[in-house]
Amino acid sequence: MTYIADSDAVPGGGSPAAGIAVSDAMVSDYIALLKPRVMSLVVFTALVGMVMAPTHIHAALAVIALAMIAIGAGASGALNMWFESDIDALMTRTRGRPLPRGAITHDEALTFGIMLSAGSVLVLGLVANWLAAALLAFTIFFYAVVYTQWLKRTTPLNIVIGGAAGAMPPVVAWAAMTGDLSLPPVILFLIIFLWTPPHFWALALYKSDDYARAGVPMLPVVAGSDETRRQIIVYSAFYLPATLLPVTCGFAGLLYGGIAMLLALCFGVGAWRVYRLRQGGKAEQAARQLFALSILHLFLLFVLLLVEHISGVSPLMAPLAGWMAG
Amino acid sequence: MARQPLSPEESARRLRQRNMALAFSLVSLVILFFIITLVKGVPLLNRAI
């Protein structure tokens, strides 16, 4: 820790009684604050939202808009880590993050998060439109304040409601392209929103000790693992049919529909195994498998949407409509 | 978690690394606004609003 100038002591500082704490953080610590793995999923789902949008903006502007959505997501991750360093230090999964490690001070993380948030919203507004910028600002606020500071520590429905933030990137991307909203981005939102609970509850099942130690009221901690397994089945029953909505709403084709049904079957089997296997190593293995499977599942669905739209495979409804029109 | 204090050389190296990253970010921002202005035209803010 390096100290410069005389000022108020800063949390995360160490020795001198007065002085601004400047950490010895490396650039990689700042990158870790942005949650790069989460960011990659955000970029990918936003990209799909962009590609599916019927109108197109200049390629340079589209690339910048996508980067701003990614940076906005990263900024909300930094603000999340700034607020959660106390519980992150208690959980094995998160204790290696820059703040609990002492690599970055709280003030640095907060400043970094706020500046990137403001910058990404401003640039997205300039580069695309202010609807997209407002949606990005709302997403950051929802994740960093509503989810992180309120829901996460108060209710077992934290990730159900908080999942809305993670589901927003394709909506923001669509708005950036069109300046408007319509059914397809809402359905993409719905798919990610309904995907979130089974995904996180699978993780919470085998990390429940971690969450209990940190006092986070995740469902397995509050309601027990059996109830969590039941809820995984219930939410999967909403999620899996929702993955077929792009076909029924006419913006995905038979390729997507066919493979989505097979993937739904795989996901259903994974969820059922979690429900049935309740004891010992096999139970934990089933939960780990569902967690990994859920990531792959969502990724493949969006790959399919992307491939169909890039390759121009006709959506199901278009040829049907043509045939009916004679 | 207690951290080992870094040597002055290592501290200076990390500070340099961060300053480089900051300079790179600022230059990127200037280039970014240049590209946006180039594509969307001047005055940027009026058109955006």
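Each residue, glycine too, has its Cβ placed from N, Cα and C.
Any TrEMBL annotation is an automated prediction that lacks curation.
As annotated by TrEMBL, transmembrane segment applies to A:38-57 (among others). Using a Cβ-Cβ cut-off under 8 Å and counting only residues 6 or more beyond its ends in the same chain, the transmembrane segment (A:38-57) has close neighbours at 65-66, 69-70, 73-74, 77, 128, 166, 169-174, 176-178, 184-185, 188, 192, 251, 295, 298-299, 302, 305-306, 309-310.
Positions annotated as transmembrane segment by TrEMBL: A:63-83 (among others). Under 8 Å from some Cβ of the transmembrane segment (A:63-83) lie the Cβ atoms of residues 33-36, 38-39, 42-43, 46-47, 50, 57, 97-99, 106, 109-110, 112-117, 119-121, 123-124, 127-128, 132, 136, 139-140, 143-144, 147-149, 165, 169, 172-173, 176-177, all in the same chain and six or more residues away from its ends.
The transmembrane segment annotation in TrEMBL covers A:130-150 (among others).
Look at TrEMBL and you will find A:157-177 (among others) tagged as transmembrane segment.
Positions annotated as transmembrane segment by TrEMBL: A:183-206 (among others). Tertiary proximity for the transmembrane segment (A:183-206) is limited to same-chain residues at least six positions away from its ends with a CB under 8 Å from its CB atoms, namely 45, 48-49, 52, 159-160, 162-164, 166-168, 170-171, 173-175, 218-221, 225, 228-229, 231-232, 235-236, 238-239, 242-243, 245-246, 249, 251, 271, 274, 283-284, 287-288, 290-291, 294-295, 297-298, 301.
With a threshold of 8 Å between CB atoms, the same-chain residues lying at least 6 positions outside the transmembrane segment (A:232-248) that come near it are 160, 184, 187-188, 190-191, 194-195, 197-198, 201-202, 254, 256-257, 260-261, 263-264, 267-268, 271-272, 274-275, 290, 301, 305, 315-316. Positions annotated as transmembrane segment by TrEMBL: A:232-248 (among others).
The transmembrane segment annotation in TrEMBL covers A:254-275 (among others). Counting same-chain residues at least six beyond the ends of the transmembrane segment (A:254-275), those with a Cβ under 8 angstroms from any Cβ of the stretch are 198, 202, 205, 229-230, 232-233, 236, 239-241, 243-244, 246-247, 283, 286-287, 289-290, 293-294, 297, 300-301, 304-305, 307-308, 313, 316.
What TrEMBL records for A:287-307 (among others) is transmembrane segment. For the transmembrane segment (A:287-307), same-chain residues at least 6 beyond its ends with a Cβ under 8 Å from one of its own Cβ atoms are 41, 44-45, 47-48, 51-52, 191-192, 195, 198-199, 202-203, 205-206, 232, 243, 246, 252, 255-256, 259-260, 263, 266-267, 270-271, 273-274, 313.
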